[in-house]
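Here's what Swiss-Prot has on this protein:
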BINDING   Gly154, Val155, Ser156, Arg157, Thr158, Ser159, Lys160, Ser161  ADP binding site
Amino acid sequence: MTLKKLNLHLVSDSSGETVISVAKSALKHFRSVETIEYVWSFVKGEEQIDKILEEINRKSDEHNFVICTITDDELRKYLKDNCIKLKIPYRAILSHIIREISSYLEIEKDEKLDLHTEINNEYFQRIEAINYTINHDDGQNIQDIDKADIILVGVSRTSKSPTSTYLAYRGYKVANIPFVSGVPFYVDLAKLKNKLTIGVTIDVSRLIEIRKNRLTSINNEDNNIYANPEKVEKEIKEAEELFKQNNWPIIDVTQKSIEEVSATIIQYFNKMLSID
């Protein structure tokens, strides 16, 4: 398979995270394309755009493509007009969506929003959420569990940790707590206000399979308790009884992706906020 080379110029007036994410999603559809990404972040003026265009011009004999998420209309038009002059393919991502929403609702977009401050705040909030979630994995640091947005409870190997991490990247502070059969549940979650607690469960046979694979991966196949069918079934049953006693929403993660599980959790979270 012959690879086609593409210089992808990603231009943003902020960190560039959005345009990078969109570009990566699009490029997944082209296995025959070898891409070199040039990320131009925090572009605020025409002089910066001129420098970008100079750099692209140096590679005029190659394939170049510009994608931008510049929100300022005049600056975006300046980039677009110059790309047209230089015959460089150009696509703005956000402007079309903003225009369609504006047209559909028959309202003008807000011109004087401090978008950079908002984006920076979102970034730091996400970092804070990630740090919190990492430090509250598997029942750690429960002394400040009241600072969590979401709490996941479930038996071992029910995807609590990866789900927590995924949610953290979405900006949610997540704590996850293991349920262990025969051990009294040691956290009083009933007294917490405005916190979503989710009970995570899974099909018995699927959990046995996952646990056996885990034991094999760590060369501990002699462990006849961790994946014992009777023990696993008892463990799940006790966990589900705890969930029901506390009226926690229960999510069955059997054959579900982390993204699917997380989307369901976010729906529960938004519903909780709307009720409050």
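Even glycines carry a Cβ here, placed using N, Cα and C.
Because the structure is a prediction, the values reported are computed rather than measured.
Listed in sequence order, Val200, Val253, Ile258, Val261 are the same-chain residues six or more apart from Ser159 (ADP binding site) with CB atoms under 8 A from its CB.
The most densely surrounded of the binding-site residues Arg157, Lys160 is Lys160 (count of other Cβ atoms within 10 A of its Cβ). Figure note: comparing Cβ neighbours within 10 Å for the binding-site residues Ser156, Thr158, Ser161, the maximum is reached by Thr158. Cβ-based neighbour count (10 Å, all protein chains) for Gly154 (ADP binding site) stands at 25. In sequence order, Asn176, Pro178, Val200, Ile202 are the residues of the same chain, not among Gly154, Val155, Ser156, Arg157, Thr158, Ser159, Lys160, Ser161, whose CB sits within 8 A of the CB centroid for the ADP site. Under DSSP, Arg157 (ADP binding site) is assigned to coil, being neither helix nor strand in the three-state scheme. The Cβ neighbour count for Val155 (ADP binding site), using a 10 Å radius and every protein chain shown, is 21.
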